[in-house]
């Protein structure tokens, strides 16, 4: 499944993202597909939060026959939210393939499933790299990490605090209260390098039907089971997949939470902070990098030469910015590296920075000649990947760039001139001696 | 035909809707009555911007909610809203704005001049006569009703009430729905509007409306309720398909419109409308089941409909709710039940009876039968003092019934008959007699056996090979001493390379035992020998002490994998934190230049090279070289000198070529000099030749 | 035996030396010239053996200059030697002219290759 994903993306990587403009990568128009308009009301805090950040939300029923993602080849929306776990077939011109094309063209997606998720939603999740439990009546149960509640006794409402350690995905402020979750779990294919577990289940959690006894061990257990995952595709489209739609609901946002076995009772669950920060990441308000102004030149010069000579000293600089949702802010890191590459890197250096987004370094051109590339391949957890490459040829010395008079050859010079002098004397002596 | 798939998908949607509000159980948990959470939600959703609300409709909704819920911290918008009301109380305003202005005035009671009312009333009466659409009729009749309440001296009675009644009734359909205009699309929402308008007409009629007509409308109401949609837990609601030309009304708006219409009509007619009590209770459950809506309009519809249900002439629903459905045997909790009206007020005197309670695994035998709950005056709860000893940990269904003290109350109140409530009784399950043993396969004899105290922290260390078996057993006992089978009883073996294997521990009565025969598991374990960590997880919904406990290690010795059938190890997850990271730096190693000799050595040899030249000169002198053959006469001498100068010039040219000239210049100059040399050389050499020939002949 | 061989060597050497003294002076000049060139070449070869052939082109150029000079001088000697019957009809000046021309060409090539 992940192989399918990889092939799908590799085949479409040349189709660079043409969705939002590269200058303002935040999404603007979002299509929200719901099973029922009651969801619009019961999840209103989440939607109002998105609206206050400047998104245009378009609410439609998932089987509304007038919905479509694109018209005449142009996409009508920049992002899609699927809050319709039970939908068997979408209305209008949307189907699983259309949604995957939407994502392949660089747009973002949020998918929420639930205990009665339909096969269609499961199929979409599988195409994105995430496998929900095949048992359709299974829910995530945790008898040691459930949320203490006077009304929910079957331990399917769990309080989870096993977050991914990434400030760019979850924000710099720590989420203190656990997150309430009630729904289905999923597993990630270990060979898929694009998908990340944002909220993992606790070691005692498992996925099973709470009403029937277990005869064989469940397929999803423990921390390898993920509750909320994100996928960052190679074209920098971001997908959020959550096994619980109620995680986004007003009721969970407002609820207090106490994890079983812990004495602290938090007045407000971490759901609102978690979902808000995650939605900021998914919609490219954080962690979206761009690299501009790649410059290289010989030390002491300003213009970019068309060709370098071996053993030249050169300087390379690049500017990297991060989109903050409204403007491009300088990106500060100390692990951006540049490679001087021809079939394999000859030089790999870490770029120094002035903390204002300007990265630079200087090195000596190797004494191998050929066509090299300046390659910056920057991939960090939660950040869009930067892949820059600039070709530059390197020539060997010209015949007149070598040492002119080699001290080691002085005897030979001396010999040659001595011969010439001797010749001249000889001619005189030979002719006029008697 | 088209309606059926719609309705089934609507059902599916409502299922979803309710699942958001409730947890997922067989018998759905009960929604509680309106609480303070609704009050704070009202304040949040209806917060005025800059001191006033966006529209008169919103102002009315806000003020009405604050009134119904008796919200104490409501914002005072009188100063900003009254002027707006007065602005709109003019004949020329559109009907809808006029309607809401009057509604707001009804609550705020702004100072309005009596003449204004007269003015508006006459216009409205004219509109009623000429109105063509249901919506216009609704607003005008409603406005007239409001004027009647606010200005008693104004004449608002309709002259031709019968005619108006007839024109509204004419828009009805046979299935109980109404049309908005002559166009054929019918709507349940419109039915609600029509019923409210008809109720208004009856109130405003100068002479009494014909009772037969009223009865026809009552029949329409009954037919409308035939199309009510329901869910299995007894919730009833109305839903609407898309009607062209009008805004799509969701289930909440539609149901509240019908509730408004039906109860308005019931309030003004004599005689009963025979709507079954369980449908009214179902409507109440629907509105309470929404929880706290996030949309202002939904909240208004919910609260207003519940207010109408609270006191109506047909049947008043009574809500039974439990503050908690999880009871702990160890904490000795008491079972508490509340009975309220929908808005949370006290119920009439009644007794809550626990008809029977049975366990979900043994549905036929009841553990409790026919117990009455005691009413506690201070807290308002009905309490079950003590759970009998037969009640052990587990999931039960308690069946409650409300018995009103006043026998006639059955007709006024809807109690809902027998109510099934799932109850979780939890307790501490005793874990004891934990034993781990390694057995020899064939003989069954024990090689090592250790006991463990699962409550403590001690761990064991064992070793085994593939010919042996591993046995682990323990006992689980409930607080009442019975056998207990938890939902989750897993034994996990984790290899140091992070491959895990999970087994379910089966039981026979109280004893849980698992035997792992390593001979058969060699392939499953991918032939990996080494240290395995053992972990036991036991958990259940009713077990208060569910645990995940590491038991220790097992050094397992498995045979080597056969090379022909080498097992393909499934890929392991890569830690994402180590996947990304900076690479090691590479600096190019430049080709070391050839070792040069020290400059001094070269200079020494330079001088050595020049030595032979000096030796040559010295040798020449020793040989007694002379220049006697140099021509004495002028012309040959000149040529001789020129010849040698020419040679010197060429040699100097060559040196210059080596220093800085390029080949082309050199060759050109050499060619020139060569020509010169040729000429001069020829001269001198021929002279020398003739001179020597002369000498020879002489 | 050893004594007679050394005595024979000495006698041989003396005979060679007296025979050589009889050659005309201009031929001796050419011989001296050749020796000079060969010595220069030998010194360069010793130097190269010590430090390696780094600027190989310079080495070749230097050695070739010496060797070429020696070769041309030998050719001149052959042509100028009156006792050489083969070149009886060739005027020595003509031989000298050839010698000068070849040397000039040789030195151009050497200068180009010296680097």
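Our numbering is plain: 1 for the first residue shown, then up by one each step along the chain.
The backbone N, Cα and C atoms fix where each Cβ goes, glycine too.
Taken straight from TrEMBL:
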DOMAIN    B:34-310  domain 'Ribophorin II N-terminal'
DOMAIN    B:318-425  domain 'Ribophorin II second'
DOMAIN    B:433-556  domain 'Ribophorin II third'
DOMAIN    B:590-690  domain 'Ribophorin II C-terminal'
SIGNAL    B:1-27  signal peptide
TRANSMEM  B:601-625  transmembrane segment
TRANSMEM  B:637-659  transmembrane segment
TRANSMEM  B:671-690  transmembrane segment
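Most Cβ pairs within less than 8 Å of the domain 'Ribophorin II second' (B:318-425), among stretches B:34-310, B:433-556, B:590-690, belong to B:34-310.
Tertiary neighbourhood of the transmembrane segment (B:671-690): same-chain residues 629, 631, 636, 639-640, 642-643, 646-647, 649-650, 653, selected by CB-CB distance under 8 Å and a gap of 6+ residues from either end. According to DSSP, the secondary structure content of the domain 'Ribophorin II C-terminal' (B:590-690) in residues is 79 helix, 0 strand, 22 coil. Assigned with DSSP, the residues of the domain 'Ribophorin II second' (B:318-425) fall into helix, strand and coil as follows: 4 helix, 63 strand, 41 coil. With DSSP classes pooled into helix, strand and coil, the tally for the domain 'Ribophorin II third' (B:433-556) is 4 helix, 76 strand, 44 coil.
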